[in-house]
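According to TrEMBL, the features are:
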- 1230-1243: compositional bias 'Basic and acidic residues' (COMPBIAS)
- 574-739: domain 'SSD' (DOMAIN)
- 1205-1243: region 'Disordered' (REGION)
- 244-263: transmembrane segment (TRANSMEM)
- 300-318: transmembrane segment (TRANSMEM)
- 575-596: transmembrane segment (TRANSMEM)
- 608-632: transmembrane segment (TRANSMEM)
- 638-661: transmembrane segment (TRANSMEM)
- 681-703: transmembrane segment (TRANSMEM)
- 715-739: transmembrane segment (TRANSMEM)
- 1011-1031: transmembrane segment (TRANSMEM)
- 1037-1057: transmembrane segment (TRANSMEM)
- 1064-1084: transmembrane segment (TRANSMEM)
- 1104-1128: transmembrane segment (TRANSMEM)
- 1140-1163: transmembrane segment (TRANSMEM)
Amino acid sequence: SVGETLIDPMVPCLNYSPARALQGLHYQRLKEVCPMLDRGEKNTYACCSRSQLDALEDSLTMSKAVLIRCPSCAENFAHLHCINTCSPNQSQTVRVTKTMNVTHEGKVREAVVAYQAFMSTTFADAAFQSCKNVRIPATGGFAIGTMCGRYGAKLCTPQRWYDFQGDSSNGLAPLDIDFRLIPEGVTEGLPKGVVPYNGKALKCNETTPSGGLVCSCQDCQQSCPVMPPPPLPAEPFRLMGTDGFLVISIILLCFFLFAFQLIDPSEVTRIEKTSLAAQEFLSSLFRAWGTLIASHPFKVLLLAAIPVLILAIGLMHIELTTDPVQLWSAPSSRARREKDFHDKYFDPFFRTNQLILTAPGRTGHTYDSLLFGQQNFSGIISKDLIIELLELQTRIQFWSEDLNRNASLKDVCFAPLNPSDPSLTDCAVNSLPQYFQNSLANLNAKVNMTKLGQTKEVDWRDHFIYCVNSPLSFKDITDLGLSCMADYGAPVFPFLAVGGYDNEDYTNAEALILTFSLNNYDRRDARFKVALQWENEFLKIVQEYQRDPNTNFTFAYMAERSLEDEINRTTAEDIPIFMISYAVVFVYIAVALGEYSSWKRILVDSKFLVGLGGILVVGWSVLASMGFYAWIGIPSSLVILQVVPFLVLAVGADNIFIFVLEYQRDVRRPGEKREEQIGRVLGNVAPSMLLCSVSESVCFFLGGLSTMPAVKSFALYAALAVLMDFMLQMTAFVALLSLDARRQDNNRCELVCCVTVSSQRPNKPNEGFLLPLMRKYYAPVLLHPVSRIVVVGVPTYFVTTKGFNFTTVEGMNGVCSSVGCDQFSLTQKIQYATEYPELSYLAIPANSWVDDFIDWLNPGSKCCRLYTLGPNAGQFCPADKSPFLCGRKCMKTPSNGVLRPSVEQFNRFLPDFLGNRPDLQCPKGGLGAYDKAVVRDDSGEIIASRFMAYHTPLTNSKEFTAALQKARELAHNITIGMRKIPGTSPDFEVFPYTVTYVFYEQYLTIVPEGLFNISLCLLPTFVVCCLLLGMDVISGLLNLLTIVMIVVDTVGVMTLWGIDYNAVALINLVTAVGISVEFVSHLTRSFALSTKPTHVERAMEATANMGSAVFAGVAMTNLPGIIVLAFAKAQLIQIFFFRLNLVITLLGMAHGLIFLPVLLSYFGPGVNKAVLLQLQQAKAKASQELELSNSTRKAYYDNLSYEDNERRQELDSASTTSPTGACRPSENMAKQHMEKEERIDRF
């Protein structure tokens, strides 16, 4: 033995004696270790002793542990070393280059410490090809990556592979071997007498002479069956070489433009009578109700406050859901059930806490490495910053009330190799300092090293360069002799330590990454609180560093709790924004509701208290809704707190404007009391308010059928809030308006009611600013014949459930992917999927505890042995124990090379495998990689297991969703195949799981879910509109069409403005239906009940009278508050509340005030003949009254509407004109009567 290496090196002594014939035990030993040299007993010659064979076997054992999966590769690997060590023609292929004198057993002997080995490139290339695809199941990587030094699997070549095997500085090679690969037939430059070895190297799809089967498909591409390529994605729908949906849309548009026709009115029908009866019933009901409420305002306010107060008390029990899983994933959903199954048996996915550090503006440097040449180092890869990072990651300690002591990382960390009693060095912390085992001494280490006659100092930079390219190395190739493995015993892959590099140029990385992995626990577990505390301290310390002006880093950081913290933080920070938004809306409502007939009466005619009352009614309705659901145990969420008040305010403000503006435009009739006038006005407008409120409330109640928890709870809260808002408007707000009207009639100033003014209120209706503007300018321009036509226009687990027998040969073969396994086993199918990562979204094949368990049992490795001496005789013996204590292997070598344990052996040794810590002697131990991947019940049956693969990098919701869908398709295919294996339960299942699936499952169903929810919302808007308008199907259909267009256009603008379609967007689209009802239904009803003679005139009247109220009450109420939300900090608010609600409001306004009037002017229902008949009868009765009394006639004309007063002379003259033939008799009668009659209910 000579030198210091990771294993005891045994080197040969220099001996040029001829090869000796082997026999007896010596021959048997050669046959076991190097069977390719066997020529039969007495005919086999070799140049190695038994002790050399023992040392060679020990050396080959480590490689066999990872290569034995592929028998031909393992044999090729051993082949060359057997030739170099034992070949009878050794002097032809080996040339000794260095020896040294060593003392052995009291004798000075000349030991060989370096030699040259000559082989043909044909043999070298073939051996390399047989091994280059052999996998390490635990990591999913290639075994060759651990045997090629800093080059890794990607850049490994035959020469680099052999160079690593012959480099004693890696701690594994016992001496230096200079492998010379000579092209076949080349002799120039060869030393005299040297003949490069050119034996036969087996291909990976060939059987071995010792009986080993061909390698599996996962380890050998040549063994794979011919697989048909997967089908390509379907081509997009096209017509005439263009987007098919665009062509269809253009055809429909042309059809719409040229499908104009007028409906010919007929005699009064039963439906028209029904419509009139419905309107009269509702008007009379609300007229009586309004009069009653207005007569007792104080009592009504008190009675209205009592149920609101009782319901609001329930807020004491309100439960806010902040867990994203509970918000967006239904308990009965597939992803949630699979998550619960996984967390039940495997513990929740560990908690990730990450810190990314950059040093912008910091200059880098160039390092001239003795081993690697000139290397450029970025500014962030510097020793002082690495030391600072090392100090940062060791600072976090805090007092834990739950543990009643100081707690640190070891109390909560994920410690895969020592889960029972971890120390700080057992914690899975991945960072650059881990290449130095978090040791400052290792980081500061320096040593002079000589290479090819040149001596230079090597330091941390040489070690770093080596480790990022060979993270699985236990010893670098420098004279520092440091390991690359983390202090907790696992490799740190470079993408976990650095970031911001191109093409694996790690020394030029622009970021350092520090990742803490913590155990996750059930939220009711006390340890969960400790983990939250640790994360909180982690965030505090990072923030302190960030605020320190002397800090050299720029930070980006996150903790597992960050998502919930961010939701809570941004919500708290944005509360003032919402308050300002509501304040702006309140000021607008208060100012816009005022009449302002003169400066003297500005404080009398203002409506600040009415506006405040309207806001309070909205607030009361929201509180009542939230309190009610808190009483019955339905949790709320921050989304509800932000969206429902906005929605109810939009609905409520519209009704307030319609009611107040109608009251202001009305003139009290002679002898009519104030309360009666309020009742009469309410009778005019309340049916329209009822239409919208019932439509919206039923819409949202049906939305409660959604399977998404956030959408469901929002819909229920919104439905009750809208219903409560309508009820409070019909009670409390009517009472408030009655009190305000009493104050205004008494000329008392608002806010200071004891002050009166002398100026009297004008005895004429107040049309305000919008009504004349709409009537004289907007409606005529919009409904001009030309204008009407222009307007249209991460890692993922494959989890197995109970019901599969892993202990049988068929069961193991149906899962594994090494030699002898089924070509379409579980892990093999995953391997096939990784060959098409652009379609499967899988990058690395699944690890497999079954494969590694079989390799662990293989007697060719040291992993599974039994004690033969001592008190533990017959029990499992770890690989680090002396072979004198553990002389018996767990299993015998199988004749065909395919090792499978019996049921008894499987159950006996599986616990030992799962508890065996992997090390250099036995890298196949299952502790850390698999100890939590297999769950057995008390009888030993495996009731759950998992196999971990890796997705390709996923960057957006579309890719995450597609990855979930493809993983489920693959898992279903695997399930079907495994159910065919004898002994498998018919309910056995394989399903994919990763922590993100529960969030992205919504995207698999969100389109049908959205269509379902929106359709449920649209249905009541049509039904209620038809019913409340007396079975007016045409009005209902036009109403529905416009709302559908608003929703469709909203989705289109979402795409253009970068607003993702998800559950939050769906909530807003459901809200859009509710707000669209406000924009559309009032105008539709006003048109349906208008008695103007033509469609265009009726559309003008509806647009002028009702459009002004809708514009003031919905559009102008929403817009100021929405614009304020643009200043919110949270992206959620900016995107899904500011952008989306702005889009909804603008599109609702455009469709309701531009498109709908034009649509009604073309396709609206005809004049209701029952209304015309009623007007005719009223006219006859009025004519009789005029003849009886002039005073009655005078009173009659004094109470004409302002509009009719302006045109009375013109109308009187027109009434004496005989009808022309251009008008139908019924239309002429209606026109004459409308010109003479007092104003009839416009609503």
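Backbone N, Cα and C atoms are what each Cβ position is placed from, and that goes for glycine too.
Remote same-chain partners of the transmembrane segment (681-703), defined as residues 6 or more beyond its termini with a Cβ less than 8 Å from a stretch Cβ, comprise 279, 282-287, 289-290, 651, 654-655, 658-659, 662-663, 666, 711-712, 714-716, 718-720, 722-723, 725-726, 729-730, 734, 1013, 1016-1021, 1024-1025, 1028-1029, 1070, 1073-1074, 1077-1078, 1081-1082, 1085-1086, 1241-1243. Within the model, the domain 'SSD' (574-739) shows a mean pLDDT value of 82, rounded to a whole number.
Note: the stretches the transmembrane segment (300-318) and the transmembrane segment (638-661) are not in contact (fewer than 3 CB pairs below 8 A, sequence gap of 6 or more).
For the transmembrane segment (1064-1084), same-chain residues at least 6 beyond its ends with a Cβ under 8 Å from one of its own Cβ atoms are 639, 643, 646-647, 650-651, 654, 658, 688, 691-692, 695-696, 699-700, 703, 708, 710-711, 714-715, 718, 722, 1006, 1009-1010, 1013-1014, 1017-1018, 1021, 1025, 1035, 1038-1039, 1042-1043, 1046-1047, 1050-1051, 1054, 1102-1103, 1106-1107, 1109-1110, 1113-1115, 1118, 1132, 1136-1137, 1140-1141, 1144-1145, 1148-1149, 1151-1153, 1156-1157, 1160, 1243.
By the Cβ criterion (under 8 Å, sequence separation of 6 or more), the transmembrane segment (638-661) is not in contact with the transmembrane segment (1037-1057), since fewer than 3 such pairs are found. Outside the transmembrane segment (1140-1163), and at least 6 residues removed from its termini, the chain residues within Cβ reach (under 8 Å) are 260, 646, 779, 782-783, 787-788, 791-792, 1034, 1038, 1041-1042, 1045-1046, 1049-1050, 1053-1054, 1057, 1059, 1065, 1068, 1071-1072, 1075-1076, 1078-1080, 1083-1084, 1087, 1095-1096, 1098-1100, 1102-1103, 1107, 1110-1111, 1114-1115, 1118-1119, 1122-1123, 1125. Long-range neighbours of the transmembrane segment (575-596) within the same chain, counting only residues 6 or more positions beyond its ends whose Cβ lies under 8 Å from a Cβ of the stretch, are 602, 605-608, 610-612, 614-615, 642, 645, 649, 653, 656-657, 660-661, 664, 766, 768, 1112, 1116-1118, 1120-1122, 1124-1125, 1127-1128, 1133.
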